């Protein structure tokens, strides 16, 4: 045992080190655990916090948080009972990523199974694959013990679909098709570059068409969550029922690693939400994490990822949050006001941060 004076000196040195480390943003044990999620999904964040604070892993805590959002049908865009496609069916996209092993499990356009994030974890846990889609994803999930087959529609989703049909199936995600203002069956226009009538009066989606009438927080949203556990291990996950009135078979960015979520325990994590058809082309969350790896602070990394998309698609709607391994977090958005939720050891409850386009987050 060290003599008394030496022990006091050691305590003083350690105390000073911890104080300096905390003030400079260096990761220390008191910064963990941590939960960050898109949108004010407080109950989902609380569920993830309870799990990780009790000692569960980052992966299991993400599953708990996203499962809660699925059960609550957050904003009608997560879990069953929302976002009908053109055929009135609700399908599920989900993904889980282990930032230690870099393993990923994902399901896309999954039918008849309501537990998207649990199905994604089963893919990661019980297969050598990364991504299963459609009805075969459902078969796999049910064979691994999840409940199904289940009708994922609800009275609300059917009513929404019926109103859409009565409105001539407008707006929709078709372009350069005939009929332009009807419900199909559709066929391609003979002339290339014809303008789509309906949602926008401009030309091609890639170049000029505004998609704001198709994309918004209540018809095209994702819970994307990142958790840092007590060991400093990081995981990220997503769950969504996708875009309302999507073309059947469409898979969004939610289950794509690097797009709606990404995690690397050596660096940090990212979550994204918005127009997935645009955002998946840029892998914004992979970009955020790699930017942080190269030394960018979370705010700069988030801004950079969003600006890369906005330069090519100035009318796109989307947002990201970034969190580094030291627990520093930030958000960035374009085309709408974004909110993300955080729970840490320094907070008594979930806190929601608001990010305005091109501005810093505020309470």
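Yeah, the Cβs are placed from backbone N, Cα and C, and that goes for glycine too.
Record features (TrEMBL):
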- 222: active site, nucleophile (ACT_SITE)
- 250, 251, 252, 253, 273, 274, 275, 276: substrate binding site (BINDING)
- 1-23: signal peptide (SIGNAL)
Response to the item:
Top of the binding-site residues 253, 275 by count of other CB atoms within 10 A is 253
Worksheet item: So how many other Cβ atoms are close to residue 251 (substrate binding site), meaning within 10 Å of its Cβ?
Response: 22
Discussion item. Cα-Cα, whole number of Å: residue 253 (substrate binding site) versus the residue listed as 'active site, nucleophile'?
Written reply: 9
Fill in: Diameter of the substrate binding set by C-alpha atoms, the set being 250, 251, 252, 253, 273, 274, 275, 276, in angstrom
16
Item to complete: State the Cα to Cα distance, in Å, between residue 275 (substrate binding site) and residue 222 (active site, nucleophile), rounded to an integer.
Response: 10
Response to the item:
Rounded Cα distance, in Å, between residue 222 (active site, nucleophile) and residue 273 (substrate binding site) is 6
Practice prompt. For residue 274 (substrate binding site), list the number of other Cβ atoms lying within 10 Å of its Cβ atom.
Written response: 29
